[in-house]
Amino acid sequence: MMLTALGRAIGPAAVVRLRRTFVATGAVAVLEAVGLAMLVPLITDLFADNFPRVWLWTALLVVIVATATVAQDVVTTRRRRDTSESVAALQRRIADHATTLPLGWFGAANQDRLTRIVTDAGDALTLTVNGVMAINLRAMALGASLWFVLAWIDRPTAAAGAAGLVLLVGLYLLAIRLLRSATTAQERAAEDINGKIVEFAQNQSVLRGYGRVGDADTDLLSAIDQVRQGAAKYFRGAIVGAVLFAIGTGVFFSGVLVVALQRADGESLAVASAVCAVLFAALLVDAVAALGRTGSVIREAEGILADAGDLLRVPALPEPAAPVPAGHDNSLAFDDVSFSYMSGRAVLRGVGFDVPAGTTCAVVGPSGSGKTTLARLVARFWDVEAGSVRVGGVDVREMATADLMARVSLVFQDVYLFDGTIRENIGIADPGASDADFERAARLARVDDIVERLPDGWNTRVGDHGSSLSGGERQRVSIARAFLRGAPIVVLDEPTSALDRENEAAILAALSELCRDRTVLVIAHRLHTIVNADRIVFLEHGEVTEAGSHDELMAAGGRYAGFEATLARRHRPIVTTGTPE
Ligand SMILES: Nc1ncnc2c1ncn2[C@@H]1O[C@H](COP(=O)(O)OP(=O)(O)OP(=O)(O)O)[C@@H](O)[C@H]1O
């Protein structure tokens, strides 16, 4: 099971490399056992006062054990190198695969999962291969070889040893089983409490607003209790497992001892050989005990590596075998598009409309009507279930992703900035852009105003997720990226968040500049944008219920007219979330 999880995570080439080092680890353990086997004639000759031969066996023992020690060092160094290469291979595979996943996959939960897997899977792999597997393999190879030495000394004693071993392995499996169920309960409780604590922290402002101070949420208290019970179960499992294993060890060792002594007493076995048999039984128990010490580590690593394997099996965004070059015009079209998320509930149903090149189409409608989903289908965050989205007349699924992304700029509200400088954050849109292009993009997006105020100018770091910039400033960086890329089609989610006047004016001016002469699909929240759009599409429950120019829709006096009236009543051009009253 561990090997299956490992194989899935690191891929066949890395498995072959690891297998080679494992075989070498086993071979060194066999050599160690051969060296130890020299103790048998050595002790026998010692009992017989045959000193010249004692020295011979001692020399042989020293040479073999020294060779085994050197070989062990070589194998360990090699294994460490192979492990780091396997960790790199795993991280590369995950990173490569992540770049092929649809953008829609990267929700908050999956982002967390990706981060956890990339960091934890490397550690789990190192621990498993360098620690656990190496220890276990050595223990098994050494244990098996020592048993053969025991059989060479005396078959009945070895048979008693084999029976004891079966018992010991049985108890070991039972102990692992106990521990496994206890660990699962503990992990589940820990996961649950993590979620509850985050929720509890996030709820604080709401709770305090309603005067709830100092009384912890009952959900959180019950989660804490579950963790306590989980931990108690875990320790019970661990103690019972350890006791069972200790009993097994005792039974095994006493069995071998009794048989060897009886055989020596009946003179079927020389006393020297009986002493050797008992000594080897002790070494054998030690080898098996090494297996027992690593059970919980294996289980943990297995979980993480299985997770990495699952991630690698998430289907990639299908790339066309023979990509169709983008059409010449920059139009955008939705052709009878239907789509649903995992839940299966249809979010878009038979949506069809065109956005001719160089025109602006505003999508409006109540909250949850599917506007954002529609915009995201253009960039293949997900693929449509039925129908097609076409850019320049070509189905986006038939275009190479690079081609599609060169045609379309996305300016969404949830702007992602990485922890680098402002210059790097904008430059990512076109790493080969000239300074003049860069400056123009920054000026048009009004980022130069922000930069003037920053301590290190363009080289100011924006912090994790752009935390040192305000929401409006982050949006301006995102608009600068779109300018720099210069894609002819813009898919825009107009800002709804409350912005200060200066940011709002800067953003609106930058956006109107960005949209000039381009094909624009805008999820519009401002009356001004809507009224001035060439065409308005009114979306309700995932269906286009009205479409036309502002004048046409007003004249029709339908849902849009009521919606427009609601917007017009508001003093400032602001957010439209929620069904218009
Ligand atoms: N990633 C997702 N997974 C599952 N369901 C989703 C996802 N994103 C959106 N939905 C659901 O799809 C429906 C349409 O959501 P969408 O965000 O497209 O609507 P919207 O019109 O843009 O809403 P709003 O104006 O509030 O942003 C909603 O019911 C929403 O709950």
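Including glycine, each Cβ sits where the backbone N, Cα and C put it.
Here is what TrEMBL says about this protein:
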{"type": "TRANSMEM", "residues": "21-43", "note": "transmembrane segment"}
{"type": "DOMAIN", "residues": "22-300", "note": "domain 'ABC transmembrane type-1'"}
{"type": "TRANSMEM", "residues": "55-75", "note": "transmembrane segment"}
{"type": "TRANSMEM", "residues": "135-153", "note": "transmembrane segment"}
{"type": "TRANSMEM", "residues": "159-179", "note": "transmembrane segment"}
{"type": "TRANSMEM", "residues": "238-262", "note": "transmembrane segment"}
{"type": "TRANSMEM", "residues": "268-291", "note": "transmembrane segment"}
{"type": "DOMAIN", "residues": "332-566", "note": "domain 'ABC transporter'"}
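Here the listed stretches are 21-43, 159-179, 238-262, 268-291, and the one with the most C-beta pairs under 8 angstroms to the transmembrane segment (135-153) is 21-43. Looking just at the domain 'ABC transporter' (332-566), the mean pLDDT is 87. When Cβ-Cβ distances below 8 Å are used as the criterion, the transmembrane segment (21-43) is approached by residues 53-54, 57-58, 60-61, 64-65, 67-68, 71-72, 75, 78-79, 82, 133-134, 137-142, 145-146, 148-149, 152-153, 272-273, 275-276, 279-280, 283 of the same chain, each at least six residues removed from its ends.
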